[in-house]
Structures are given as structure tokens and as C-alpha cells.
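K.L.:
The structure follows.
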Amino acid sequence: MSNGKSSVGSDTTTRAGAPAHRPLRVALLGCGVVGGEVVRLLHEQAEDLTARIGAPIEIAGIAVRRPQRDRGGLPVPAAIFTTDPLGLVKRDDVDIVIEVVGGIEPARTWLVEALRSGKSVVTANKALLAEDGATLHAAAAEGGADLYYEAAVAGAIPLLRPLRESLHGDRITRVTGIVNGTTNFILSKMCTTGAGFSEALDEATALGYAEADPTADVEGFDAAAKAAILASLAFHTRVTAADVYREGITEVTAADVASAAAMGCVVKLLCIADRTADGGVTARVHPAMIPTSHPLASVGDAFNAVFVEAEAAGQLMFYGRGAGGAPTASAVLGDVVAVARNRISGTVSRGESSYADLRVQPMGEVVTRYHISLDVADKAGVLAAVAGVFAQHAVSISTVKQSGRGNDAVLVIVTHAATDAALAATVAELRSMDMVREVASVMRVES
Ligand SMILES: NC(=O)c1ccc[n+]([C@@H]2O[C@H](COP(=O)([O-])OP(=O)(O)OC[C@H]3O[C@@H](n4cnc5c(N)ncnc54)[C@H](O)[C@@H]3O)[C@@H](O)[C@H]2O)c1
Ligand SMILES: N[C@@H](CCO)C(=O)O
Ligand code: NA
């Protein structure tokens, strides 16, 4: 290891004894939680990677913000670090660019440069892919380069490769996922202990699950980016973050969780992408009640799981760690092996598949069931008046439960399937009624 290069695979022959290809050189952009583990795995697995790829992988350089930072004895020389990511990407001796920095810019500029010049890209950047994947895919097509991003959705879980390869002979009808570990930890805590949102968030922060600024997680932005990527792959249609309806979990209360439990349900932040009866697709992220018998209901702690339904395959469940340095680096390394093999055999995987170009329907057209909790005056005619509002908007009521509270009552209404637009109009009218003191909560119910 000298001259600012780190040879993480020193063998010149594969284990099988076949002549090895020249070393493939990697530019690593970012060396934080994920990048550090990528370096460690490249080093520790060097011999196996060389055997599996047919060439050693060499780190040409690592771009970071602060080269002097203590990185806990990573097995690379100090000279390998640079603060010039674009300069590193442009180097002639780089074959593969791994981007684990995140954010839209300057990451987009680096990756477009890499792809246009024919360098393979492996990235974990869900925000960029969901916001402007089209630009990356176009650059990959232009440069004849590979763009792989298994780590971007559900971390270690092999999910994107199955969607874009294994299931390409089938017709996916629906993808329902828990794709954010932080919010799953918080909601699981609320469901098992009865804690409120703030208390559960504090625990998630103390345990290192939630970041100092948890907005991207608790407001559903992280899950919405993943929903866009999943919907794009599942339906061969370009779906961006802007197409995804998003609601976070900050408004979920202990009372919602108790109400869900009374119905035999738990509350989860779901990412749902499905085909609709009229030939479109929907993509949404919101908290929802799901029956405890649903395969996703038992996904606890900070785990992720994605439930895929396809016409021929039926129901498939993918489960595992969606975050963390090592699990995410595992997915990155899997992609590195794939793109490295392609380089050696002179091939490139098929790029973006968006031929179906289905209409992404607005949330108002989404059809689902709802759980509505109302604080109302406890007097004659209230139930009839409330039921009348539902009927007026063609929202059919499935069950009603009333409990007394002094002069007031709490009405919990569960509807049959209705459009989101009809439900929103119903709720708006309920809010305007004098006898309705408060619409305490509205939550979707998925089955
Ligand atoms: N941490 C996880 O569990 C996880 C899971 C899945 C995907 N991801 C994704 O992986 C990526 C990296 O996440 P992370 O948790 O490792 O982040 P991190 O903050 O720990 O590391 C970011 C790294 O990027 C470097 N960096 C930032 N701006 C830079 C710049 N302008 N120039 C050069 N270097 C710069 C920093 O120095 C740091 O080394 C993100 O896209 C994230 O969404 C993370
Ligand atoms: N913040 C994300 C990391 C993985 O994208 C989570 O909590 O799941
Ligand atoms: Na994954």
C-alpha cells in the first residue's frame, strides 16, 4: 500500500488458479458510517472478492470532507484521502465509483461525470435516485455504464435485484413495505409499551437509531424516496419522490395505538405501491393500522421488511436490516462484485426499465379503509347526523363504537373502502359541525 493506493486484494490469480484480470480500481466517495464499513469489508474479504470477481479490487482514493478525522484505524494509508471528489472521479485509473455521501448535489454531478465517462457506479443514495434517477440512468446509457443501488432501499435486504431481475418474468401487483428502521423502532415501542411519540423518539435517539435531526425519518421523506424507487422498479414506470404521497408519524398518538390494538391491529409506517383497477399505479407512505395477522405486523425493532405480491409468484416477504454501516456495506459490496464482473466480461446490465409509463394516480383516487376517532356531544341525534355525513359522501361505515366521557362521547368509526378524496370531504364536513368537538384522529386501515 503506497503512493496513495490501497491494494485490498493482493492475489494475482483467482483461487481456482485462473489468470486474473488486472486490478479494478475503486473511487470511494464518502467514508462515514457506510463508507468505513465498505473499506473494512473490501480489506477483510479481499481474497474471496478476488476469487469471486476474477480480479483484485484496489482503492484508488477516498473522498471525504475531513481527511484528518480519526477513522478508527481503517486499513488504508493517509495519502489515499482527498477532499476533491470530482477530481477523484475523473482520474483515468478509476473503474468503479462507490458513492456513500448522500444528498442531491454535488453527488449528482459526480455520478453523472462518472457514468458519462463509462465508469460503473454503485450508490446508496436513495434521495438522489428518487429525486432525479432519470438523469443518472440517462448518463449511464450515454456512457455505457452500470448503475447499481441495492443499498438505497432496505439496506442489506436483497430487494432491488429480485425486483429488477428475478421477478422480471412476472407481473408485480403490489409492494407493501416497512422501509424505515427509525420509525419502525418508534412505532414498535409505542405499540408494545403504550409510550407516546416523543417518549419513543427519545429512546430511539438515545439508542442511536434516530439522527440528531430526525425529520427525514419521522416525516416520511426517507420512506417516500424508497417508495419511489420501489414503484419505479415494480411497475416499469418512472416514479419520483414528488409523485409519492407522504405522511409521517409525528401525529400518531398513544390513543391511536390503543384504538388499533382494540381492533386487533398495530400501527406501522407503510410504503405502499400498487396497481389500480383502472390501469394506473399509486405510491404512498403513511401510518396505517394493519391486523396483527399481517406478515408485516410482527416486524419489530428497527428491522425492515417488504411484502411483494406478484401474479404468478404470489406473496413474497423480504426481511432484514435496513440500516447500519455493515448491513448497508454488504449490499454495496454485492453491487461492486456485480459491476466488477460486468467490466471483466465487457458487458453492462440493462438500465432503467420505464417502458410501461403508467399513470401515477393522485392520493385522492387511492381507495382504502379508514379508522376515524371523533369527540362528540353525547346527545340525541348526534350519531345519526354523523352517519349522515358519511352517507352524503358515499363513505360506507363498517363499524361504530361509542364510549361515554361525561357530557361527551368518543365515536370510533371504521369505514369500508372509499377514496381518499371522499374521506377528506367527509372529515372536513365533520370538523365544521358544532356537535363534533374534535376529529381526534384519522388513520388508514390496510389489510
Ligand atoms: N447509515 C445507514 O444506515 C444507511 C443505510 C442505507 C443507505 N444509506 C445512505 O448511504 C449514504 C451515506 O450514509 P452514511 O450514514 O454513511 O453518512 P455519513 O454522514 O456517516 O457519511 C458521509 C460521508 O460523506 C462525506 N462527505 C459529505 N459531504 C462531502 C463532500 N461534499 N465531499 C466529500 N465528502 C463528503 C463525509 O466526510 C462522510 O465521510 C447516504 O446516501 C445514506 O442515505 C445509509
Ligand atoms: N434512516 C434510515 C436509514 C436507512 O435508509 C432508517 O432509519 O431506516
Ligand atoms: Na437493499
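Backbone N, Cα and C define each Cβ position, glycine as well.
The active site, proton donor annotation in TrEMBL covers LYS226. The NADP(+) binding site annotation in TrEMBL covers LEU29, GLY30, CYS31, GLY32, VAL33, VAL34, GLY35, GLY36. Under the heading NADPH binding site, TrEMBL lists LYS126. As annotated by TrEMBL, L-homoserine binding site applies to GLU211. Annotated domain 'ACT' per TrEMBL: 371-444, in sequence order.
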K.L.:
Note down the number of other Cβ atoms within 10 Å of the Cβ of GLY36 (NADP(+) binding site), including every protein chain shown.
P.N.:
20
K.L.:
At a 10 A cut-off on CB-CB distances, which of the recorded positions LYS126, LYS226 has the highest count?
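P.N.:
Answer by Cβ density within 10 Å: LYS226.
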K.L.:
Select, from GLY30, VAL34, GLU211, each of the binding-site residues with a Cβ positioned under 6 A from at least one atom of ligand 1; if none does, say none.
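P.N.:
Cβ under 6 Å from ligand 1: GLY30, VAL34.
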K.L.:
Going by DSSP, is CYS31 (NADP(+) binding site) sitting in a helix, a strand, or coil?
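P.N.:
Coil, per DSSP.
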K.L.:
Taking the binding-site residues one at a time (LEU29, CYS31, VAL33, VAL34), which has its Cβ surrounded by the most other Cβ atoms within 10 Å?
P.N.:
LEU29
K.L.:
Counting other Cβ atoms within 10 Å of each residue's Cβ, which of the binding-site residues GLY30, GLY32, GLY35 comes out lowest?
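P.N.:
So among GLY30, GLY32, GLY35, the binding-site residues given, the one with the fewest Cβ atoms within 10 Å is GLY32.
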K.L.:
Any idea what the model's mean pLDDT is for the domain 'ACT' (371-444)?
P.N.:
95
K.L.:
Between GLY36 (NADP(+) binding site) and LYS226 (active site, proton donor), find the distance joining the two CA atoms and give it rounded to the nearest Å.
P.N.:
23
K.L.:
By CA-CA distance, flag whichever of LYS126, GLU211, LYS226 among the recorded positions is nearest to GLY35 (NADP(+) binding site).
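P.N.:
If we rank LYS126, GLU211, LYS226 by Cα distance to GLY35 (NADP(+) binding site), first place goes to LYS126.
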K.L.:
Distance check, please: Cα of VAL33 (NADP(+) binding site) against Cα of LYS226 (active site, proton donor), rounded to an integer number of angstrom.
P.N.:
19
K.L.:
By DSSP assignment, list the helix, strand and coil residue numbers for the domain 'ACT' (371-444), in that order.
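P.N.:
Here the numbers are 23 helix, 35 strand, 16 coil.
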K.L.:
Using the centroid of the Cβ atoms of LEU29, GLY30, CYS31, GLY32, VAL33, VAL34, GLY35, GLY36 as reference, list every other same-chain residue with Cβ within 8 Å of it (recorded NADP(+) site), in sequence order.
P.N.:
LEU28, GLU37, VAL38, VAL64, VAL100, VAL101
K.L.:
Under 8 Å between C-beta atoms and at least six apart in sequence, can you list the same-chain neighbours of the residue listed as 'L-homoserine binding site', or say none if there are none?
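P.N.:
Listed in sequence order, they are THR182, ASP217.
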K.L.:
Want to know which recorded positions, from GLY30, CYS31, GLY32, VAL34, LYS226, are within 10 Å of LYS126 (NADPH binding site) at Cα; which are they?
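P.N.:
Among GLY30, CYS31, GLY32, VAL34, LYS226, the ones whose Cα sits within 10 Å of that of LYS126 (NADPH binding site) are LYS226.
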